[in-house]
């Protein structure tokens, strides 16, 4: 018995390991794993169902079918354990050994492993320096390969077909050795002398000049070094022994009706054994060569199919015409071993049910049906029943529970007390998709969920289901209570704002109770205190909305914790006074003395959390909810068709718009505007009309007339139900009301372009058939989008999580003083995000000085909280350098200072926080949310009217930034640069707003001029792009030949002509090379030169330009000589958004990216080549000129002789992040990517903290490219991990050797995930075969540093409480002690974490 216990003890204990190595298996190793050779293809006997001897299920090899019982039944029972039966040869053991014992097949002829052959790049091919085609011809017996040329003229590795082989035989006899098949390949691999080859390659690489050759050689060198360093031998890539999987992992199960269900692997193994046995027989018979050859080829194909079916040739199919599932298919893909069984396991002690509302629950509770609780907590109930002495055995306890006796319910209630359960709703898009609650037993079968956590779960009650999980161990319960309790997750990890915010009915109730009405009952009364207000209201003497005065006692807590009490009389309403009763002490009365819209409530909860702490906030949130529900019931708000009041002005607005459209149509008919311009103008008109209608409608809805106390008629805010719902933020938006009571507006076609005719009707009036038909486009597109985008967004999240999963906070401070420069984010002239918001929760990297002085006002190392933000804004600081995850110098992780505040807790981030996963979830979660919300506006085209002027919002001084301008005859300036900006500064010199000025903008103010608020300071035509002259003179046309480079369009109706430049593709052959241009000459016909240069003033005209001047016309400075029509606009919808985010994270090079200057210097144009222009930049520092060929159709922003700085835009287009990184550095790249991604999310009103994007970006910048190898072992052009290179350089510097130099490389998230250190993580992500092949050949070690690897091997993850476990393991291992972390240690660690979070 003792032995048995020891045995059981050893079963569960896995020996300690720190890394997992993967390599090639040698034939000896395969034989050492094996318990015997499988010689026959038989599986089980069809009559006795017993496994056949020496077959694929043989009990002698793999172990007994029944526990402790040999096959013939001679030895049964535990006492014979370990005996080998002399009759049937089976060892008496547990049947479980059939899951772990392997066997082998001795192959009659070697077989190449298909992974190393076909998985690109082919490892066998690289090593032998032969092409894949050639090797395949040898392997599949089409050609001979020379193994040993001897003294002949043949070369080693040369391929010979049959004819050549027989000729050679005749010529040289036996002097040479040429063979075919895998044994030939094996011989060649065996003959490779790795050391000699490595030396040769290392000498050869520096001597070659061709890039491609260097690449090829360094690939070979890498592979050889990998083989040499890993202890793998090249010939092991060819199998001589094939391992056989244990039988219980490829089961054969009898079904009823005498049929069998079997794993496909058995079929594949059977084929291999059959062919192998046949080959052995043929060899024994010394059959003709051609037959043996064929059999060998078939054996090779059978093994290929077993390892990876379908990788070469047609996949082998089973009886049902489906391809058989091979070993490779078992591990890859969503249904493979990694993703299905190792990373995504099913969990016991769980259940699921439909959810309903639990409006009476407290925030930390959930309603759990008794039935479910009884099932989930069974073991606990059994234990309690026994302990109480109500049941003598577990069996008796079971019976009691089945009968559901009354005492069982009492015990259940006791068991459940303070035992949290986890509730999860799929899809779990962020960590708030699983939270812990204390269960409350309820009747019925549905789980009750607290309304305030619905936002976090994205749950509604239209049939959603949720799963319940029971944390069993004490540690698990502790973690659930301390870390996952819903009351501990009030703030969203994505942006640090409250996520437990009332919505819908609750908001409506609170809004209704805090509104004021004129001349309500009790108006003007004065009350002594809140209690009196309450009494009078209950007695019905004062209405809820009555304006009153009341004396209040408020306690105000300052940020520094000092408490001041004061008593004052406030003007307020009855409802607000009642609401103040539930507000915790410490908040001023002003927080409720306003109509409580959703934003205000959110702000209130946030303020409450920051001022009075977590506990009070939770109680307060609950009270708010109860109050809100109560008053929304009292309000009796409902919707009727009469609530949709259609404004009287609607008809007038629509008529005038229709007239204007007719006017434009007639202009088009008379040729004054082009089709594109007409389209743009019409759409602008209707957009404006739509806005006007909705303004009129809202104005109409939002006001109502009432009689005040004096009997006069006055206006007050309306109590229209629909208006209240929208205004409070409970449901609906102005855009939706506009469709109900205004007009539906413009619709989009399925391709995204806008239909010119709008829908002028609204839903109250009803749509005509045509209007209904037009609107179906948009609606249908919305639904189709939703389905597609959900999948895309989920995939984006998966890639993000994968790239960032191993990023954990591992130390407090890495000590760097690098950081990112933070400035306010300005868009369209407005400050979208002030500096304060951007630096909140960050650590200052370098001291911040008071503007204009040397006084340090914010020292480096400060964690900026709300108080500091106020301070920074008071001191009008414009820029701050803050620490960022991108610049963090911690290896294998990130430091707390560079990350800053843990957004979900509101203090500095704890060590062990998995910030990578949090970042990935924060970015991925709204992606899904947004894509699920495309169709809420019913596809109505929300296109903004194009901006055509700059109107300043604040008065102040004009500042012009890097603007080139010319002065027109009328004194106005015209911008002739593209990156110019106009800013307005206030009297302190702080910039209040900033606008981009497009090329050709007419500016009516000068630098330093004072302007009033509301002044229009610049104008331009938004629909065309002008070409402006910079000097005065006469126009001459160059290369403008009719119907060759230009076409004159004469409008049939008007007889007016305009000149349009033809696109190169539309020109006849004669015109392909001609570049039409407009040249400026003086009165004598001499060339004029651009101001300050010796470059002739010649303006090249791009395709489709419309020329607006005649040949020989006189023009002045700043006049427009040609216009380029702009593209018509498509609606910007997150549909464009999600792919945009994916493109940015995948670091894809955009099509026709903008061209940046590679060096700083002076621009010149060299000799042109076919279809390309030669751009030459002469550097300012006197080094060699830089040349670049640019396609002629690219529109250049620079003129000859202009000065450019490195990284400046030469030709417009979407930016290429790789160029930004190369030319402008990491900070510029970070700024670009963060801003671009934020723009997409901001468009949808989603807030994500910048640091999440930076965290992902850090992972994308992990790799560097070696530019000079110095004394290191790196090869130039290699991609290495940054940490590796830094460690190596430190070592070299310590030995006074030359360090290697490198440049940073930006990898897309997919590529970064696949090139991670850990092969387990990469293999479980994508391209499993390729990753494992590469890892095996190089003999990779996985040090299990990330989260994923540890989940796969079944350990605690090295994050959170698991980090303590791992560091303790490491400490113990260093001290060499047995390891066990006790519950008390975990508890201590948790308490510490909680204490720090409580502060």
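Placed from the backbone N, Cα and C atoms, the Cβ positions cover glycine too.
According to Swiss-Prot, the Zn(2+) 1 binding site annotation covers 70, 72, 85, 88. The Cβ of residue 72 (Zn(2+) 1 binding site) lies under 8 Å from the Cβ of 85, 87, 88, 90, each of these being in the same chain and 6 or more residues away along the sequence.
Marked as Mg(2+) binding site by Swiss-Prot: 460, 462, 464. All protein chains shown were included, and the count of other CB atoms within 10 Å of the CB of residue 460 (Mg(2+) binding site) stands at 11. In the three-state DSSP classification, residue 460 (Mg(2+) binding site) falls within coil.
Look at residue 895 (Zn(2+) 2 binding site): DSSP puts it in a strand. Around residue 895 (Zn(2+) 2 binding site), a 10 Å sphere centred on its CB holds 22 further CB atoms from the protein chains shown. Summarising the annotation, Swiss-Prot assigns Zn(2+) 2 binding site to 814, 888, 895, 898.
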For the Zn(2+) 2 site built from 814, 888, 895, 898, further residues of that chain with CB within 8 A of the site's CB center: 811, 813, 816, 883, 885, 887, 889, 890, 894, 896, 897, 899
Based on Cα distances to residue 898 (Zn(2+) 2 binding site), point out the closest of the binding-site residues 70, 460, 462, 464. 460
Cβ within 8 angstroms of the Cβ centroid of 460, 462, 464: which residues besides those meet this for the Mg(2+) site? 355, 459, 461, 463
So, three-state DSSP: helix, strand or coil for residue 88 (Zn(2+) 1 binding site)? coil
Candidate with the highest Cβ count within 10 Å, taken from the binding-site residues 462, 464: 464
What same-chain residues, at least 6 away in sequence, bring their CB to under 8 Å of the CB of residue 70 (Zn(2+) 1 binding site)? 59, 64, 76, 83, 85, 87, 88, 90, 91, 92
Residue 85 (Zn(2+) 1 binding site), Cβ-centred 10 Å count of other Cβ atoms over all protein chains shown, is 20
Suppose we draw a 10 Å sphere around the Cβ of residue 888 (Zn(2+) 2 binding site). How many other Cβ atoms does it contain, all chains included? 26
Among 814, 888, 895, which are recorded as binding-site residues, the nearest neighbour of residue 464 (Mg(2+) binding site) by Cα: 895
Three states by DSSP: which one describes residue 72 (Zn(2+) 1 binding site)? coil
Cβ atoms other than its own within 10 Å of the Cβ of residue 814 (Zn(2+) 2 binding site), all chains, total 18
